[in-house]
Amino acid sequence: MSQLKNDLLLRTLKGEQTERTPVWMMRQAGRYLPEYRVLREKYGFFERCQTPGLACEITIQPVDIVGVDAAILFSDILVVPQAMGLEVQLIENKGPILPDPIQTANDLKRIHVPDVYETLQYVFDAIKLIKQELNGRVPLIGFAGAPWTLLCYMVQGKGSKTFDEAKAFCYQQPELAHQLLQMITDTTIAYLKGQVAAGADTIQIFDSWGGLLSPQDFENISLKYIRQIVNALKDEVPTIIFAKGAWFALEEMAATGAAGLGIDWCIKPQLARKFAGNNVTLQGNFDPAKLLSPIPVIQKEVKEMLQAFGPGRHVANLGHGILPNVPVDHARAFVETVKEYSFK
Ligand code: CP3
């Protein structure tokens, strides 16, 4: 495997002091890029995920176009429920639909823990191709959804602001819920180990809906399973946990041994640091909608963010995914301000 020419992200995750703060953006491979939209016209969403050449091209676009310090695999968290046997449709501009969600013990019989080398080999092939094409320019981030966030979609069957049906499932049928969560966890561990074997340099776990749970439920329904995943990967690559809205569990998340914790813009970096302690790298936390501001405002607020985190143990990022209507030069201004300002 080729040596990395830019390993700022990996060194920062390990806690080393670096020349400057590394920067990437969640959902950086996506609709705000005209080059992505061209491919979106021609190919369906899962066709883009399943064709290594396309996934590779889309993954590398933001490295070339906005100059981020890491690539993140182009795929989706919902390929895991798909591999487990659930139908997943991605309706463009509407979001995911799972027409036959899991709601009963009988439904659970329709899914299984798959052989990931049979069902998700296309992801591993994409990773190998991406690593080859990146040729060591920047590290490659692999990823998966956290079990709770995947349960949300598998039970609710679609996106939701509250995921009340997913919660009801956990509260009314806890045994079934834990059975499902364990199946997702087992699949995810095998899947992520496969990503690492194929060449992923670090792994991010997306718990987009972690913040919908109370601290107690977050521990019981989400973190318990994330912990298993982090443990399984700990000796292989650094892992990043991004549990949106779950600032209340930063201390517990740091204790899992994850190298990095993602935070959103609803908590001050100083407070997040206090909760998380000094042995973990923090990642975030620019409000994605702030990228719609005029460029001078973006520059000013990025500097304030960098100051608030302080140098070291910080990966600059957004607090959630980039919005599709962000102008490319605004995304570039975000990246360039981090690079220039954190160097000083
Ligand atoms: O970060 C990247 O650039 C890598 C690719 C990536 C995608 N989805 C591609 C995608 C990643 C890391 C994801 C993660 C993902 N997918 C999450 C967790 C992160 C988050 O934002 O909270 C979630 C909850 C999903 C599920 C999902 N996929 C939703 C809710 C949607 C529809 C809403 C939306 O953002 O469009 C998707 C579709 C999706 N996944 C798109 C992309 C680029 C848009 C599809 C399109 O091109 O129309």
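Keep in mind that glycine also has a Cβ here, set from the backbone N, Cα and C atoms.
Since this is a predicted model, take the numbers as computed values, not measurements.
For the domain 'Uroporphyrinogen decarboxylase (URO-D)' (22-31), the residues of the chain that approach it from at least six positions outside its boundaries are 8-9, 12, 37, 40, 58-59, 61-62, 66, 68-72, 74, 141, 242, 262, 315-318, 320-322, 324, 331, 334-335, 338-339, judged by C-beta separation under 8 angstroms. Taken from TrEMBL, the feature domain 'Uroporphyrinogen decarboxylase (URO-D)' covers 22-31.
The substrate binding site feature in TrEMBL is assigned to R27, Q28, A29, G30, R31, F46, D76, Y153, S208, H320. Using a 10 Å Cβ-Cβ cutoff, D76 (substrate binding site) registers 18 neighbours.
Residues or ranges marked as site 'Transition state stabilizer' by TrEMBL: D76. When secondary structure is read from DSSP and collapsed to three states, D76 (substrate binding site) falls in the coil class.
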**Asked** Taking the binding-site residues one at a time (A29, R31), which has its Cβ surrounded by the most other Cβ atoms within 10 Å?
**Response** A29
**Item:** Neighbour-count leader, CB within 10 A, binding-site residues: R27, S208
**Value:** S208
**Message:** Treating G and I as helix alongside H, and B as strand alongside E, what does DSSP give for the domain 'Uroporphyrinogen decarboxylase (URO-D)' (22-31) in helix, strand and coil?
**Reply:** 0 helix, 1 strand, 9 coil
